[in-house]
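Enquirer: For reference, Swiss-Prot lists these features for the protein:
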ACT_SITE  HIS10  active site, tele-phosphohistidine intermediate
ACT_SITE  GLU88  active site, proton donor/acceptor
BINDING   9-16, 22-23, ARG61, 88-91, LYS99, 115-116, 159-160  substrate binding site
SITE      HIS158  site 'Transition state stabilizer'
Amino acid sequence: MDRLLVLVRHGQSEWNLQNLFTGWKDPDLTDLGVSEAKAAGRALKTAGVGFDIGFTSDLLRAQRTMKLLLAEFGQPDLQVTKNVSLNERDYGDLSGLNKAEAAQQWGDEQVHLWRRSYDVPPPGGESLKDTVARVLPYYCQEILPAVLNGKRTLVTAHGNSLRALIMVLDKLTPKTIPGMELATGVPIVYRLKADSTVESKQVLEP
């Protein structure tokens with residue numbers, strides 16, 4: 001049985017380009033982001049994988065990445081479930097600010113702490129720990145059972161919601177996970193064992 005799970009961070013968004021804290025705000029993809037999503041589809045096609053089910057967030061940039069990827073891949077009619085549990089970390093009062101504006105208001109050290117600590121949330125927002133607590137129940141209840149039942153599964157989501165999944169899959173600690181960077185539009189291909197641990201992992205660089 002092929003227990004396939006593929007994770008893809010959405011292509012570059014307009015706010016990624018402007019270096020803004022995005023969180024639950026809903027900007028579209030840039031032209032580069034569109035190209036990245038299509039390139040991810042081509043990379044997966046070249047790798048010879050197929051899909052039975054997809055999961056994405058409640059936000060446009062992840063949904064559009066899924067749609068563009070699947071069109072390029074040749075499975076435009078794949079069943080895809082959208083759920084807010086896979087949304088990006090909520091940056092609260094930082095949302096819509098660029099990194100320099102945030103530093104002016106709260107100081108470099110404080111903003112760095114909010115961005116890179118595991119359990120310190122920005123005002124009105126979520127810490128990475130909060131994001132993990134939101135994402136993992138959905139993974140355990142919906143995504144993982146599909147994978148273990150042999151459904152080849154594609155997830156398009158966000159840097160921090162995918163960090164939550166990778167933390168479990170790669171057995172990373174709260175100390176190591178905040179500093180892990182995820183490139184936009186690059187598929188990470190996991191194959192799982194029957195006990196849900198990782199059998200193999202491959203990053204499909206464009």
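Even glycines carry a Cβ here, placed using N, Cα and C.
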Enquirer: Write down the Cα-Cα distance for ARG9 (substrate binding site) and HIS158 (site 'Transition state stabilizer'), rounded and given in Å.
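Expert: Their Cα atoms are separated by 5 Å.
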Enquirer: Can you check which residue among the recorded positions ARG9, HIS10, ARG89, LYS99 has the largest number of Cβ atoms within 10 Å of its own?
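Expert: Most Cβ neighbours within 10 Å: HIS10.
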Enquirer: Going by a 10 angstroms cut-off between Cβ atoms, which of the binding-site residues GLY23, GLY159 has the sparsest surroundings?
Expert: GLY159
Enquirer: Enter the number of other CB atoms within 10 angstroms of the CB of TRP15 (substrate binding site).
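Expert: The answer is 20.
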Enquirer: What's the CA to CA span in angstrom from GLY159 (substrate binding site) over to GLU88 (active site, proton donor/acceptor)?
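Expert: If we compare the Cα positions of GLY159 (substrate binding site) and GLU88 (active site, proton donor/acceptor), the gap is 7 Å.
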